[in-house]
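Here the structure is laid out as structure tokens; the discussion comes afterwards.
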């Protein structure tokens, strides 16, 4: 039987995914390719949605693909990975680490494709800018080192004074932080492509970056030197804290939307939860059987998810440390497991949807999955080769993924209308901790719902 409307149908990967083609001529810029829907295998049919949200989206599919064009002198296989992709908080820019020390800044929405499944090709030459929505132009940032992490923030924060003539008076703009292979962090003005800061301190690769969502210009960086560092860009990029305790490379960091907590994931079986007020360790979240590689907070800060090479995503209550859900990906049959710590279903990335009811995961089994947290099962699948990262569009409706080949793919995702009770829960949990909810003089079932013990 066909999948219910809104299930992501498995689609044949575009030909571009299979390797370089005629379009990859020297100096050719980004390429857009269309996607096509396809049938869902019987064992991957999407189950019905839960009552917490009402689906309003037509059948999702692969919308577009961005493919880098590299100068001829580069080796196709070396340093071509897209380790990170990011949307600006307002959804007006997309950043793409396309390998070979280059970041593309692309105005959103895509002008030629408009996410309409029509093939289009950017005809600019060399570094020439391409006009996008609202007159903005595509930028190319040459970072000088392999780029691993990306993070956007508004600049300057509301009410801040202009500083040092870095920006034109009265301008509101966006900045992009890039984490580099040599341990540096470079911070750029998005609208002009101008370098604002070079932050030094890490001794190895800066693997991930996270800005405080409140616009305070606090930046946290995660590195292979086994530390996290906290920077204050409002104080000329001053390093304000070094967080130590991990014994392996730190892969990921995420600041909670209420800016009270920081989660970090390293090549260890536990994730660390830190206070963003005192910069001290709150607790270790233990439950995975292999390295934790990705983490993300829900939009109301009430939930935290961690993804691991053990093929599982665990959903936590960050205030109590309690495990609330375990989402298991298909593991290797025992006969085929040769004792390796990494399996074909090892997780690479996890992220929450903007309304907080769905998760997207990328795994080594070449599948993008969308999970309904109430049902605890995937409700949508998409085939992708060599996936490394995923991120939801801030306003929902689709997901961007990056691959080892340097490509970016855009997938439509179930777009939902949250139920009134979930909206109320989300509003309350933005300022109430789990302990504060449990102390309220309300029925037990209501407490269970507000603390996500039930949906």
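Cβ atoms are placed via backbone N, Cα and C, with glycine included.
So that you can see what the record holds, here are the features copied from TrEMBL:
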{"type": "COMPBIAS", "residues": "1-22", "note": "compositional bias 'Low complexity'"}
{"type": "COMPBIAS", "residues": "36-50", "note": "compositional bias 'Pro residues'"}
{"type": "DOMAIN", "residues": "419-455", "note": "domain 'SOCS box'"}
{"type": "REGION", "residues": "1-56", "note": "region 'Disordered'"}
{"type": "REPEAT", "residues": "176-198", "note": "repeat 'WD'"}
{"type": "REPEAT", "residues": "199-234", "note": "repeat 'WD'"}
{"type": "REPEAT", "residues": "243-284", "note": "repeat 'WD'"}
{"type": "REPEAT", "residues": "285-326", "note": "repeat 'WD'"}
{"type": "REPEAT", "residues": "340-374", "note": "repeat 'WD'"}
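Proximity of distant same-chain residues to the repeat 'WD' (285-326), defined by a Cβ-Cβ separation under 8 Å and at least 6 residues beyond the stretch ends, is recorded for 248, 251-258, 260-261, 263-273, 341-343, 345-352, 354-356, 359, 361, 363, 371, 373, 376, 425-427, 429-430, 433-435, 451-453. Only residues 6 or more beyond the boundaries of the repeat 'WD' (340-374), in the same chain, are considered here, and those with a CB under 8 A from a CB of the stretch are 8, 47, 49-53, 290-291, 293-300, 303, 305-313, 315, 325, 327, 329-332, 380-396, 399, 401, 411, 413-414, 416, 418, 422, 426, 455. When pLDDT is averaged over the repeat 'WD' (285-326), the result is 95.
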